[in-house]
Amino acid sequence: MIYSDFISPQTQFYQLTVPFQLESGKVLIGVQVAYRSWGELNAQGDNGVLICHALTGSADADDWWEPLFGSGKAFNPDRDFIVCSNILGSCYGTTGPTTINPTTRKPYGVSFPKITIRDMVRLQAVLLEYLGVQSLRFVIGGSLGGMQSLEWALLYPDKVKSIAPIAVSGRHSAWCIGLSEAQRQAIYADPNWQGGNYTLDAPPNQGLAVARMMAMSTYRSWDSFTTRFGRQYDPSEKFAIASYLQHQGQKLTERFDANTYIILTHAMDGHDIARDRTAPNLSDYESVLGSIQQPTLVVAIDSDILYPPVEQQELANLIPNAQLSWLKSTHGHDAFLIDMAALNEIIQQNHEFVLF
């Protein structure tokens, strides 16, 4: 497995025994799902909690959300059966572009079919059925994970008791789509891209690093960068912020795949909870959000420039049984991965919306 160094030893794997059909009509054979679980499923199978990760995340939620785990915390293994799976199309154990195509015996690469957020959620549902989970107390996630939580409420309303979408919108904005496209173009401009048919020993790392640098700039905020870096120089006489972004770009190339980045950002751009559910106009979008009946804890980050708070306010206004809570932070979009004590407190204080 190509990125096995970044998959924890506790990760488990489930392989589907039947073909998995995507929304596009394309079919994947032998799909594998990488997942982690904590706690025990009760006899009724109704104490499930599903954590959905973001763009470059993995199933190791107890690593990237560690302060939220434990007795008296948002994720309590003594009470709940908690599951986090690596999403379809990723490179941390679940079938994606780096997976060997059983037909060609080579990695899928650029030939991996287009996927959607709904495809990701439907695969999670297959996994949970295999695990015996009958219903979920709540589904939670930030950013791309928040998109999944919204789709869970709409695709499986009888299985999901509550949801907690964090720092996300009901449909990807032109702002987000434009930023994603700029990042993809950076990858395409790398000579090693080769139309996506690069070898895994010579990937387009320069382009992927630049894409990550762009993304990191939107994951933080003006206050965050100004306070942390200002106009400081590092020992090599670069601006400290330039060194930081270059470091973050290099780090991603060591643990992530460019085709995977392309596939997942396209899936995010396609995010629209009203797509194919009703005619594509504003009133129908509003009616789809209005059809979500589950108690919903919407978390907005006041300094988020990627998914600005107006988008979470829209969710809270249109979902009938929703509560808007504010994660106040200078860290921008990534505050849900940085200010975790504050996030845990928000979840704990809103137990009527995140059902325990």
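Just so it is clear, glycine is given a Cβ too, placed from its N, Cα and C backbone atoms.
Features of the protein shown, as given by Swiss-Prot:
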- S143: active site, nucleophile (ACT_SITE)
- D304: active site (ACT_SITE)
- H333: active site (ACT_SITE)
- R212, D334: substrate binding site (BINDING)
- 49-337: domain 'AB hydrolase-1' (DOMAIN)
Listed recorded positions (R212, H333), ranked by Cβ neighbours within 10 Å, top entry: H333
Which of D304, D334, the listed recorded positions, has fewest other Cβ atoms within 10 Å: D334
C-alpha spacing of D304 (active site) relative to D334 (substrate binding site), in angstrom: 8
For the domain 'AB hydrolase-1' (49-337), the mean pLDDT of the predicted model: 97
Nearest-integer angstrom distance between the alpha carbons (Cα) of R212 (substrate binding site) and H333 (active site): 14
Number of other Cβ atoms within 10 Å of the Cβ of S143 (active site, nucleophile) across all protein chains: 26
Rounded Cα-Cα span from the residue listed as 'active site, nucleophile' to D304 (active site), Å: 11
